[in-house]
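These notes concern the structure reproduced below.
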Amino acid sequence: MASRTEHADLSDLSGDSGFKRIATISLAALGVVFGDIGTSPLYAIRECFHGDYSIPVSQQNVLGVLSLIFWALVLIVSLKYLTFIMKADNEGEGGILALTALIVAHSKKNRHERWFLVGIGLFGASLLYGDGMITPAISVLSAVEGLQIIAPAFKDLVIPITVIILTGLFLYQHNGTARVGALFGPVILLWFAVIGVLGLVEIVRYPEILRAVLPWYGFSFLLNNHLQGFMVLGAVFLSVTGAEALYADMGHFGKTPIRFTWILFVLPALLLNYFGQGALLLFAPQESHHPFYGLVPSWAMIPMVILATSATIIASQALITGVFSLTQQAIQLGYLPRITVKHTSAGHRGQIYVPGANWALMYATIGLVIGFGSSSKLAAAYGVAVTATMLISTILFYYVARDIWRWNKLATNLLVSFFFVIDLAFFGASATKLFHGAWFPLVIGLVLFTLMLTWKQGRSLLLQQIKDRTLTVEEFVQSLALQQPQRVTGQAVYLTANPDVIPIALLHNLRHNKILHSEVALFHFSLERVPRVPNSKKVEIKKYGDGLCRVVARYGFMEYPSIRQVFSLAQEKGLHFRLETTSFFLSREKIVTGLKSKMGLWRKKLFALMVRNALSATSYYDMPSGQVIEIGMQVQI
């Protein structure tokens with residue numbers, strides 16, 4: 001997801017200035033939010049009539065498929081996401097992790113139900129990583145495949161060119177998108193304008209194709225084609241992949257610009273192109289192998305391949321950035337260990353680069369291109385992860401509507417059941433492709449889900465063991481009053497994962513060195529289940545006397561903890577520690593397995609491996625490395 005754009009509640013803007021502002025943000029949103037769903041015309045119709053589960057080209061089948069696509073776009077994107085799910089924002093932020101955090105923050109449910117909601121939310125987020133691997137592969141590959149339509153001799157060059165483009169895209173990530181990001185909106189604007197016009201030309205030739213807006217044709221298609229018609233739903237669903245991005249990017253652009261852009265521009269352009277492809281198939285059924293490029297005049301094929309490739313690169317970029325943002329949120333919410341997160345823009349804190357995620361995506365995406373060999377085969381692997389995520393979003397939305405908003409139970413049950421049946425139908429159709437590649441994103445999702453649960457549970461066990469081996473802050477203060485250790489002049493900061501207990505590093509230092517600094521601050525970073533915490537509420541200081549105090553720094557899951565910022569805010573509240581002269585003490589735990597618990601031995605070993613490879617607190621919290629002392633200890637879990 002792209003960098004956060006400053007926005008207020010745009011729904012109350014009026015007049016020329018308000019319209020211009022919405023238009024400006026809408027143009028920016030075009031290049032980020034709508035790239036994925038906007039490039040689906042490259043392969044969605046083709047897979048219905050030329051894929052592994054395709055059906056013959058006939059008037060009734062074409063009208064039926066178009067009717068299903070039309071109502072999928074209307075019901076899933078326009079109604080479900082833009083009208084209802086977008087209401088479930090976490091202080092303006094969207095996305096499945098933000099939705100999960102919102103439910104947990106307001107939930108009064110028992111422990112098991114809370115874990116169920118957290119579990120399905122994490123699994124939904126994990127599935128998006130599989131989607132992030134497939135989308136760049138299928139999008140860029142389907143665009144480059146236009147070369148073999150220009151000249152069959154180019155067929156052997158499609159895979160190498162796709163690999164080169166994807167390699168360049170991932171290698172460029174460390175530079176950020178600040179310099180080239182301004183081009184994204186205009187390029188995608190041109191893309192939608194061109195595909196809309198191409199479709200309109202064919203619709204004018206065969207206006208009867210517009211009858212497909214009647215839902216009867218969709219029902220008739222499913223009734224007449226039985227199981228085969230149901231399986232084609234998996235290809236129909238390709239037209240709405242990317243709908244989750246509209247919700248996930250809500251925090252960057254606001255609800256109004258996204259809705260405005262969808263209704264007035266994106267949806268009409270998509271429908272024109274889909275219906276144009278349908279009209280073409282009625283005239284030229286032989287074009288079913290690539291109806292999108294069949295709309296393009298021969299003289300415009302090369303420019304169109306270039307434009308399509310550019311659009312798919314931008315769509316891929318948006319998804320890659322989304323994976324970076326999702327990873328950062330998961331770290332902040334405590335579901336993944338600390339890893340390197342680099343900021344690529346001084347002016348926009350939201351523009352980040354996560355090297356580990358970038359290389360994993362790169363190798364997986366290129367491997368998919370080489371392994372599957374064509375966008376048609378990749379389409380079989382696409383969709384099941386997205387449909388599962390949509391199902392989970394519907395379930396989570398139900399709990400928000402029922403428990404947080406207190407909507408009428410009957411109305412809520414009817415509404416959510418309606419969406420759930422639609423999602424379940426698409427999921428079932430996509431799941432039929434399980435042995436044709438759909439297993440891949442599910443396996444990736446399960447791996448990430450296991451890592452997230454292991455880290456969360458392992459941290460809980462670790463903190464409990466540390467708590468059992470140390471003193472509470474109050475007990476430590478009482479011990480100082482009874483027996484004062486030797487004090488040395490200076491300021492020391494000890495990081496603590498639990499604000500109510502003394503960190504092991506302090507006790508070890510006191511036990512072995514027999515000294516304590518004259519001024520000691522216990523620093524605790526509290527990661528809240530809201531996107532951002534205002535600076536006025538970010539730092540809380542409690543002084544215990546005898547030179548001891550506790551500083552609690554609160555950060556949201558869209559923020560980046562910084563010890564330098566905490567020092568600055570703490571000084572404003574009367575804590576006069578100097579960053580350049582303060583010594584920082586950290587605990588470095590070595591995990592030893594052995595204790596009996598609900599966590600299996602293999603997961604304990606996995607957790608120990610994750611701890612060893614986690615980024616140090618020194619780097620993550622931006623501490624001055626020359627002033628950090630790490631004290632090691634063994635902890636058995």
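Each Cβ is built from the backbone N, Cα and C atoms, and glycine gets one as well.
Taken straight from Swiss-Prot:
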TRANSMEM  25-45  transmembrane segment
TRANSMEM  62-82  transmembrane segment
TRANSMEM  115-135  transmembrane segment
TRANSMEM  149-169  transmembrane segment
TRANSMEM  180-200  transmembrane segment
TRANSMEM  227-247  transmembrane segment
TRANSMEM  263-283  transmembrane segment
TRANSMEM  295-315  transmembrane segment
TRANSMEM  352-372  transmembrane segment
TRANSMEM  378-398  transmembrane segment
TRANSMEM  410-430  transmembrane segment
TRANSMEM  434-454  transmembrane segment
So which residues does the transmembrane segment (180-200) touch in its own chain, when a touch means Cβ under 8 Å and the partner is 6 or more beyond its ends?
2-3, 27-32, 34-35, 38-39, 41, 265-266, 268-277, 295-296, 304, 307-308, 310-311, 314, 317-318
Between the transmembrane segment (149-169) and the transmembrane segment (295-315), are there three or more CB pairs that fall under 8 A, provided the residues in each pair are separated by 6 or more in sequence?
yes
At a threshold of under 8 Å on Cβ distances, which of 115-135, 149-169, 227-247, 263-283, 352-372 pairs most often with the transmembrane segment (410-430)?
227-247
For the transmembrane segment (352-372), name the stretch out of 62-82, 115-135, 149-169, 434-454 with the most CB-CB pairs under 8 Å.
149-169
Checking distant contacts: for the transmembrane segment (227-247), what same-chain residues at least six beyond its ends satisfy Cβ-Cβ under 8 A?
33-38, 40-41, 43-44, 47-48, 51, 53-55, 64-65, 68-69, 72-73, 76-77, 80-82, 85-86, 94-96, 128, 131, 135, 221, 258, 262, 270, 274, 315, 318-319, 322, 379, 382-383, 386-387, 389-390, 393, 425-426, 428-430, 432-433
Between the stretches 62-82, 115-135, 149-169, 263-283, which one has more Cβ pairs under 8 Å with the transmembrane segment (434-454) than any other?
115-135
Counting Cβ pairs under 8 Å to the transmembrane segment (62-82), which of 115-135, 149-169, 263-283 comes out on top?
263-283
Are there residues at least 6 beyond the ends of the transmembrane segment (115-135) whose Cβ is under 8 Å from a Cβ of it, and what are they?
36, 96-97, 99-100, 103-104, 107, 109, 241, 244, 315-316, 319-320, 322-323, 326, 330, 335, 361, 364-365, 368, 378, 381-382, 385-386, 388-389, 392-393, 395-396, 399, 440-449, 452-453
